[in-house]
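Participant: So that we are looking at the same thing, I have put the structure below in structure tokens.
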Amino acid sequence: MEYLPLFHNLKGRTVLIVGGGEIALRKARLLSEAGARLRVVAPSIEAQLVELVQAGAGECLDRGYARQDLQGCVLAIAATDDEPLNATVSQHANALGVPVNVVDSPQLCSVIFPAIVDRSPLVVAVSSGGDAPVLARLIRARIETWIPAAYGQLAGLAKQFRAQVKARFANVQQRRVFWEEVFQGPIAEQALAGRTAEAERLLAEKLAGVAPKALGEVYLVGAGPGDPDLLTFRALRLMQQADVVLYDRLVAPAIIDLCRRDADRIYVGKQRADHAVPQEQINQQLVTLAKQGKRVLRLKGGDPFIFGRGGEEIEELAAHGVPFQVVPGITAASGCAAYAGIPLTHRDHAQSVRFVTGHLKDGSCDLPWSELAAPAQTLVFYMGLVGLPVICQQLIAHGRSAETPAALVQQGTTSNQRVFTATLGTLAGRIAQEDVQAPTLLIVGEVVQLREKLAWFEGAQAAGR
């Protein structure tokens, strides 16, 4: 090991930065976050750097570096493009026993800056010893995805109770077991969900020896339109810890595969005129499973609150006192339009956008057609494949031009995506000649014409243009 990792308490202590440019500013920001008092020396200092230093009660010296600038400093940073000056700062600092870092010159450094993942008070540092800083940053980026931002709250909870736990358990082994149970159980889940008061209550009860009750919970998670890369970090974390998964027809198989492998999987999908499981039964099933102490993942395509009946499900949970979390997902309108190269709003074409259900009931759509036919707006119809001819006819009948551009997106954001473009007057006829597979999304408006120059996600699906 070439360098020993240490964490330095810089609160209120003076750090010298030689240099007044962008590199010095980046170092100053990091040091300021650690509570250091900054002394910046350079003939010319950027305004942002001056402002940052003054906000932290530091000092800016508008002149060249002098050896005495190191007096009283616990760390020195050379951040200039003047190599002889950087070498001089390093030499002086080493002679005085002051740790020194010279940017991009590891051979002149007695200390180096790692790549940092900050979940204060939890901090992770990654270093290559200055040999491969880009690699260290790439590893840091991966760690950023593994450690939720809320872990800082969890670490803060541990700090709050540390003294009490130490007083309760004199044995180090007992304390270790206690904290492992906390960090891997429902107390941690409450903290990560932002329910700090509940986490504190449960932790206090655990310290007092109160037997915990089986604490079930429902995670209502939006799975997005299909591409697994569009899942949120929070969604993925909950997917990988649930005991049982209830999933819809619109959830892509690649996303279901990301769920915890030993979790029970229950299909509750619906399709037109065929509800495999009635909604009321789904609601009750969520309540029953959660009251058994299970962590229940309710996985829905798109966003659970946009034509997903998620509101009905959590109403039932709330009525029965079942804890729940809601994780929004990228709704099909946003995801499919973006992957099709169709901006839903545009200053020159559409000043508003409306999301509408295209689901037919008794062969018709009960919609405010006169409002929908107004110009300068984009319409997005969910579940509109079967009702496509009726939708196009009604919009034209109520005043929308038959020449209005329209697009039908099949299985958007996935490798099976196909985009069919035409006009309101011709789209239904074109779709009748194609083998279109649900799920689909219908987009109507002048913005559709922008696809000709903005389409980017094509590949094998280009044949559907």
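Just so it is clear, glycine is given a Cβ too, placed from its N, Cα and C backbone atoms.
The active site, proton acceptor annotation in Swiss-Prot covers Asp248, and the record cites sequence analysis as its basis. Annotation source Swiss-Prot lists active site, proton donor at Lys270, citing sequence analysis. Residues annotated as S-adenosyl-L-methionine binding site in Swiss-Prot: Pro225, Gly301, Gly302, Asp303, Ile306, Thr331, Ala332, Met383, Gly412. The phosphoserine annotation in Swiss-Prot covers Ser128 and rests on sequence analysis. For 1-203, the entry in Swiss-Prot reads region 'Precorrin-2 dehydrogenase /sirohydrochlorin ferrochelatase', with the evidence type sequence analysis. According to Swiss-Prot, the region 'Uroporphyrinogen-III C-methyltransferase' annotation covers 216-465.
Context for these features, please: burial, neighbours, distances.
Facilitator: DSSP assigns Asp248 (active site, proton acceptor) to coil in the three-state reduction, placing it in neither a helix nor a strand.
There are 16 other Cβ atoms within 10 Å of the Cβ belonging to Lys270 (active site, proton donor).
When Cβ atoms from all protein chains are considered, those within 10 Å of Gly412 (S-adenosyl-L-methionine binding site) total 25, not counting its own.
Long-range Cβ neighbours of Ser128 (phosphoserine) (same chain, at least 6 residues apart, Cβ-Cβ under 8 Å): Leu135, Ala136.
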Participant: Within the region 'Uroporphyrinogen-III C-methyltransferase' (216-465) only, compute the mean pLDDT.
Facilitator: 92
Participant: Any idea of the Cα spread of the S-adenosyl-L-methionine site, Pro225, Gly301, Gly302, Asp303, Ile306, Thr331, Ala332, Met383, Gly412, as a max distance in Å?
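Facilitator: Pairwise Cα check on Pro225, Gly301, Gly302, Asp303, Ile306, Thr331, Ala332, Met383, Gly412 gives a maximum of 17 Å.
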Participant: Work through the recorded positions one by one (Pro225, Asp248, Gly302, Ile306, Ala332) and name whichever has its CA nearest to the CA of Lys270 (active site, proton donor).
Facilitator: Asp248
Participant: Which are the residues of the chain, Pro225, Gly301, Gly302, Asp303, Ile306, Thr331, Ala332, Met383, Gly412 excluded, whose CB is within 8 A of where the CB atoms of the S-adenosyl-L-methionine site average out, their centroid?
Facilitator: Gly224, Leu250, Phe307, Gly308, Gly329, Ile330, Ala333, Gly335, Cys336, Tyr382, Pro439, Leu441
Participant: Give me the CA-CA distance between Ile306 (S-adenosyl-L-methionine binding site) and Asp248 (active site, proton acceptor), in Å, as a whole number.
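Facilitator: For Ile306 (S-adenosyl-L-methionine binding site) versus Asp248 (active site, proton acceptor), the Cα atoms are 14 Å apart.
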Participant: Which one of the binding-site residues (Ile306, Ala332) has its C-beta surrounded by the most other C-beta atoms within 10 angstroms?
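Facilitator: Its Cβ has the most other Cβ atoms within 10 Å: Ala332.
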